[in-house]
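What TrEMBL records for this protein:
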- 13-40: region 'Disordered' (REGION)
- 13-27: compositional bias 'Low complexity' (COMPBIAS)
- Cys108, His116, Cys131, Cys134: Zn(2+) binding site (BINDING)
- 131-153: domain 'C2H2-type' (DOMAIN)
Amino acid sequence: MFNAALRAVRPVVRSTRRSTPSTALRALSTTTPRFSGPAPPSLFGEGAKAGEIPSDEQQATGLERFQLLGEMQGVEAFDLEPLDSSRVGTLEDPIKVFSLDTSRIVGCTGSPAESHELHWFTVKKEKNRRCPECGSVYVLDFQGVEHHDAHHH
């Protein structure tokens, strides 16, 4: 069984006396992609040298590094401000929730703030959501790239 699997992935060897080059091996490109402008900052830190304790900047990766690089430049990477709770959102005038993704999790405490227990729900681009306790309506203010979420499962 192993040999059969190996034969399936082994390239077909043909006579080497061909005058035209084989296109089977040229299907994959080894050319590096070309970008215009400077490369974006890496989301992987360079790590510490042997025998040293790494700093946050050296060892942070992913979203933590993104947030750290933003703080170093004086930019707030994530919106941590509370939503408008001075009014109840209506169907005609819903409370807008900024998002770069097609969905966002929202917590409602009512209007005025803290007037009922915290209720969590997901607001999606396609549909408004209403808080089950106070009836406040929330709508997603989608500012992202269309179909950029195709990698989500």
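In case you wondered, yes, glycine gets a Cβ from its N, Cα and C as well.
Because TrEMBL annotations are produced automatically, they should be read as predictions rather than curated entries.
Within the same chain, the residues at least 6 positions away from Cys108 (Zn(2+) binding site) whose Cβ sits under 8 Å from its Cβ are Leu118, His119, Phe121, Cys131, Glu133, Cys134, Ser136, Tyr138, listed in sequence order. Other residues of the chain with a Cβ within 8 Å of the Cβ centroid of Cys108, His116, Cys131, Cys134, the Zn(2+) site, are Thr109, Gly110, Ser111, Ser115, His119, Pro132, Glu133, Gly135, Ser136. If you draw a 10 Å sphere around the CB of His116 (Zn(2+) binding site), it holds 13 other CB atoms from the protein chains shown.
In this structure, the binding-site residues under consideration are Cys131, Cys134, and the one with the smallest number of other Cβ atoms within 10 Å of its Cβ is Cys134. Confidence for the domain 'C2H2-type' (131-153), expressed as mean pLDDT, is 78.
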